[in-house]
């Protein structure tokens, strides 16, 4: 009996979290959000989906005749399931560090901006120019003009 | 898919395959990081907007206080007439025009003054000199300000209420929105888009002043260009081109600080100049440009006939007959006390429920739970007298409803005493309505036209109202400003309404972009965005978000602090065992109901309050970061909280009382004001306490109080900030 209550509580709390996040993007206060914000909402709730994952989710959430908006009634059950099933789990720092090390083929301990740009704009799910620029502006050490990736991690 | 995959570097796997996996991982991680930032940016925005709209309640409060004062004037011990005249006195100008002009010419400017010296009629040399001087942080001498204002007033007198322009004489017209004293934005616009000229015409759509620190410089520049290029420079009036608004939102203070000798006279002239600014501009008979918006009563033909200069301030209404006043005052005093009741009692919402809010907010946000926020409270409101006239022409509002506060304000300079006639409201009132609707309205998404009771004036107008007006006058587009937009502009009503806002970083560094529109003969708007930044090195997204968020959270914490006792009482209702902890749900519920700000409290909780080991919220922790500034006059914590909450209102009242803007008021005046204010609020404070307070503030014992010092004591300090500063 205690389990039942706590399970319910977990679901309710989860749903309230989802509702909060959804509301932040619900500009017209009519329980809809622009479909382009779905990725942001899902990610802000702690998930790390890939672009392909998102694509699938959005396909599920859109109306039969796409309106460009996603309704809360559809979003809630989908998102609840994602959270309760712990899909798209976070990427740990260790993993992320490994990833950078993989790209640092010559084991220099840092990456050149051009190197990183090449990988991230050509491989995997490529960054747009804007995404790349933004990342570089945050990641590149202004004095040495390289990305000291080890410094990102404590 | 979706679980963390390890990247085992196997010798057999081609490097490029692991590299690809690594890349995807980094991309996934980074996109999540950016989304997290975006969420923070977004709720920061929500916080600012919520607080801004909540701040509008303060204006209602203040105006109802004015009427309360008027009602109670006979009860004041012998000081009645003085105080009232302080409030309502509009200095009648004894000088004729010619004498004025001569007087200004005769003002001597000392040799040591190194700023621009204007000569009229103005030339390009003058405007260039002004621009250079202001870039160097110089101040224009009061003499030239007076002369400039005088010439501007003369010029504006000949202008109609609605200006009709054509694009055929120029390539494109540039339209800018609110500037709110941000000189940096104006200079950035000129830099990007060029200075005004015959080939480069401009329209500035109101709200040049208030809030920012360079309002004086902005209007000097705008008026100078207006005089220089009268056919290519156009200014619309905004709701902040209003001397009573300026009292509250900073422009008056700025002028008095910059112009110690001539400040009062400058402000006098400005009253006239502001009320003479045109109300609307129409381009090619197709595009209507007004500052706020429209209502279902807006009519351009009627608007053209209005005597616009009579509407000096939206807060000053045409007079009503006395019987109306008496009726209202009874209902108001009874409602006053009911408003101060417990936080969860639904306040009577006679007026507000009629306004269908498009934003998610409780419509019963009246009186008792509002708090006065300082720096982030930016938006403005006026008191609407129109409740009764709009829906039921002359019936007094049902009591004990929310009072219609400023029906009572009597305006000395409107000499006719208008008695309420059947069934048509008097002409002055109709004219006032037209003007206020233009300056104060906001668009909403649902059809219809409802009272903008949170601003206190103007309407929320729906797409049908827009459609109807555009059709009526054969127009195709409405361009307005008045509301801050994150991207500097926003379209609504199926593209028929554009909001253009030109003050970037309006709430805080990084909060929003500014924008302007360029419109050519084909009447297709092109948008140009920009953002002023303090540092020359561009801030990263993370830095921008962090700064803005910090500011929003500080403002939010101040709101919590201002309602501390109510919050603690409510928290404790859930915490029977006195553990100091309650669930997240309970915490969110309490905060939402006390503060009445519609915000994602669960999402914000980590930034506001601590969790204990068992996952509950330590509710006391949301106040830990704030402590009162020092020194505090000897008052009880409760009183301190009240003072803190209302210090903005107090400041305004003091400013009004302090007619010569010296920053000092007499102890007696202080006592009177304070007594009135606390009885208005229903706060029990005995005379002795007030006397003690007054005496303690009179630091040099000369019988006068420096109220800025007094108010300073009720600022708060954010301890975390102090710590950060100390750590360097």
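Our numbering is plain: 1 for the first residue shown, then up by one each step along the chain.
Including glycine, each Cβ sits where the backbone N, Cα and C put it.
From a predicted model like this one, the values you see are computed outputs, not experimental measurements.
Look at TrEMBL and you will find A:13-48 (among others) tagged as domain 'EF-hand'. Sequence-distant contacts of the domain 'EF-hand' (A:13-48) (same chain, six or more residues past either end, CB-CB distance under 8 Å): 54, 57-58, 61-62, 66, 68-73, 75-76, 79-80, 82-84, 87-91.
Long-range Cβ contacts of the domain 'EF-hand' (A:91-126) within its own chain (Cβ-Cβ under 8 Å, at least 6 residues beyond either end) map to 48, 50-52, 132, 135-136, 139-140, 144-150, 152-154. Positions annotated as domain 'EF-hand' by TrEMBL: A:91-126 (among others).
Mean pLDDT, taken over the domain 'EF-hand' (A:13-48), works out to 88 on the 0 to 100 scale. Each residue in the domain 'EF-hand' (A:13-48) gets a DSSP state, and the totals come to 23 helix, 3 strand, 10 coil.
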